[in-house]
């Protein structure tokens with residue numbers, strides 16, 4: 001990755017002044033390719049084969065040489081509409097993601113399990129749905145909720161992620177549609193939501209182990225355990241995304257296996273009548289909706305790793321499709337087993353109760369296996385979430401939204417500063433309770449999703465004919481209809497939020513609204529260095545967005 005420097009900007013300015021000479025010369029190696037002439041086209045991106053020096057470049061331009069010069073997709077390189085003779089246009093989805101190293105990219109199977117851990121990680125954490133609403137509503141929730149929320153979000157992620165296959169994901173989507181200010185707000189809310197979410201996993205890890213090791217229930221041993229776990233998993237992220245991906249595959253198999261065994265053991269004890277138990281007058285809707293929402297969201301998080309995926313145009317949609325099936329099954333069948341094979345005690349259905357069910361059905365050995373599976377599941381969710389959060393910061397730095405040092409990669413190709421910032425946030429927030437963490441991150445996540453829906457629909461309206469390697473059918477009307485059910489659900493989740501969570505979340509949003517102008521002031525004063533990677537296309541309103 002080569003950041004845009006001041007010298008490159010000067011060179012681009014000189015190149016711009018000679019651009020008409022290149023355009024009129026029409027070298028034989030440059031072909032015109034405009035998908036839709038009605039689309040706004042303001043920046044000509046011409047690919048580079050050889051660049052030796054500024055003097056050589058000028059000579060090549062004057063002689064009409066056949067070598068092609070790639071003009072950086074920087075805002076300063078924009079030219080007026082109509083001056084397009086001989087320019088070769090490329091879609092944003094055709095620009096390779098810059099990589100500062102030769103690290104391997106993520107293939108299909110690891111990507112499926114990374115998505116699985118971004119969203120789910122297994123049934124650990126779904127117990128509160130039974131506690132809040134009883135077996136029937138818990139089971140219906142994990143059948144209906146995915147259709148209202150998970151499927152639309154996964155489809156939008158597949159379309160937008162293949163349009164913008166670069167690190168930064170949803171930040172780039174919102175920036176391209178609504179401008180860099182709102183793109184930054186999206187990045188701030190989603191990053192903060194992700195860090196809050198990641199603070200859950202050490203808590204859940206210790207909650208499952210404290211029945212076997214009571215000392216982990218609180219005090220200094222718990223604090224030390226949180227710190228040690230965070231450091232180990234952070235180091236795993238540092239070592240590389242490919243390693244994280246295959247670790248996610250291994251941990252995913254280990255997380256699912258004990259529930260397969262539990263299902264086989266439970267068959268003689270299943271009583272279908274237990275699945276129909278419902279008490280409509282005794283439902284904690286706030287806990288029920290927040291738990292469902294938390295367990296079935298974050299499908300878009302994988303988009304921040306799109307630049308690290310092998311052939312994302314094909315791999316990302318396939319991975320999302322298989323991951324949706326895997327996630328729904330990993331929730332529904334354990335709930336079917338737990339509620340059908342064991343007499344209902346709603347008050348017992350809290351975080352960690354699946355290990356007690358395992359003991360009832362199979363004995364201590366199965367309980368230990370489920371506890372171990374819960375531990376590795378939380379490890380998988382932690383490393384997947386941290387990968388997403390840290391690569392998001394790297395993508396924002398490549399877009400000039402954050403200081404340049406956030407784009408620094410480790411020798412393993414991982415975002416060093418992003419990992420350190422994300423790990424620090426996890427440690428600071430891990431003292432909160434499970435319910436407080438879930439409610440706070442859901443609130444922030446809802447705001448971010450509203451911006452995503454607006455960006456998705458607006459890009460359909462503004463650029464209906466833009467290349468979309470994966471496109472949801474139905475046109476603009478279909479895009480609007482797809483967003484209506486999850487948008488209504490967002491309103492319901494926000495309405496059930498407590499005053500405390502609402503105030504804390506709104507303060508966090510307000511910080512983001514002020515933070516972006518402050519960073520712009522710092523950039524203007526040159527107290528910190530900001531730059532836009534020269535390998536990325538321009539996504540501003542006057543740039544060559546999708547031709």
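Numbers run from 1 along the shown chain.
Cβ from N, Cα, C; glycine included.
Look at TrEMBL and you will find 1-16 tagged as compositional bias 'Polar residues'.
Per TrEMBL, region 'Disordered' is recorded for 1-26.
Below 8 angstroms of C-beta separation, residues 138, 142, 150, 200, 204, 208, 241-242, 244-246, 248-249, 251-252, 255-256, 259, 291, 294-299, 301-302, 305, 308-310, 315-316, 318-320, 322-323, 326-327, 330-331, 334-335, 351, 354, 373-374, 377-378, 380-381, 383-385, 387-388 of the same chain, each at least six residues beyond the ends of the transmembrane segment (106-126), sit close to that stretch. Annotation source TrEMBL lists transmembrane segment at 106-126 (among others).
Annotation source TrEMBL lists transmembrane segment at 132-151 (among others).
What TrEMBL lists as transmembrane segment is 220-238 (among others). Below 8 angstroms of C-beta separation, residues 202-203, 205-206, 244, 247, 379, 382-383, 386-387, 390, 410, 412, 414, 416, 419, 423, 426-427, 430 of the same chain, each at least six residues beyond the ends of the transmembrane segment (220-238), sit close to that stretch.
Distant neighbours of the transmembrane segment (244-265): 106-107, 109-111, 113-114, 116-117, 121-124, 236-237, 330, 333-334, 337, 357-358, 361-362, 366, 369-370, 372-374, 376-377, 379-380, 383-384, 387; these residues of the same chain sit at least 6 beyond its ends, with a Cβ under 8 Å from one of its Cβ atoms. For 244-265 (among others), the entry in TrEMBL reads transmembrane segment.
Look at TrEMBL and you will find 320-344 (among others) tagged as transmembrane segment. Same-chain residues lying 6 or more positions outside the transmembrane segment (320-344) and placing a CB less than 8 Å from one of its CB atoms are 112, 115-116, 119-120, 122-123, 126, 129-130, 134-135, 138-139, 142-143, 146, 150-151, 154-155, 157-158, 255-256, 259, 262-263, 266, 269-272, 274-275, 277, 295-296, 299, 302, 353-354, 357, 360-361.
Positions annotated as transmembrane segment by TrEMBL: 416-434 (among others).
Counting same-chain residues at least six beyond the ends of the transmembrane segment (440-461), those with a Cβ under 8 angstroms from any Cβ of the stretch are 153, 156, 159-160, 163, 170, 173-174, 176-178, 182, 185-186, 189-190, 192-194, 196-197, 290, 293-294, 297-298, 300, 432, 475-476, 479-480, 483, 486-487, 490, 493-494, 497, 501-502, 504-505, 508-509. As annotated by TrEMBL, transmembrane segment applies to 440-461 (among others).
According to TrEMBL, the feature transmembrane segment maps to 473-496 (among others).
The transmembrane segment feature in TrEMBL is assigned to 502-522 (among others).
Counting only same-chain residues 6+ beyond the ends of the transmembrane segment (473-496), those with a CB under 8 A from a CB of the stretch are 148-149, 152-153, 155-156, 285-286, 289-290, 293, 442-443, 446, 449-450, 453, 456-457, 460-461, 464, 502.
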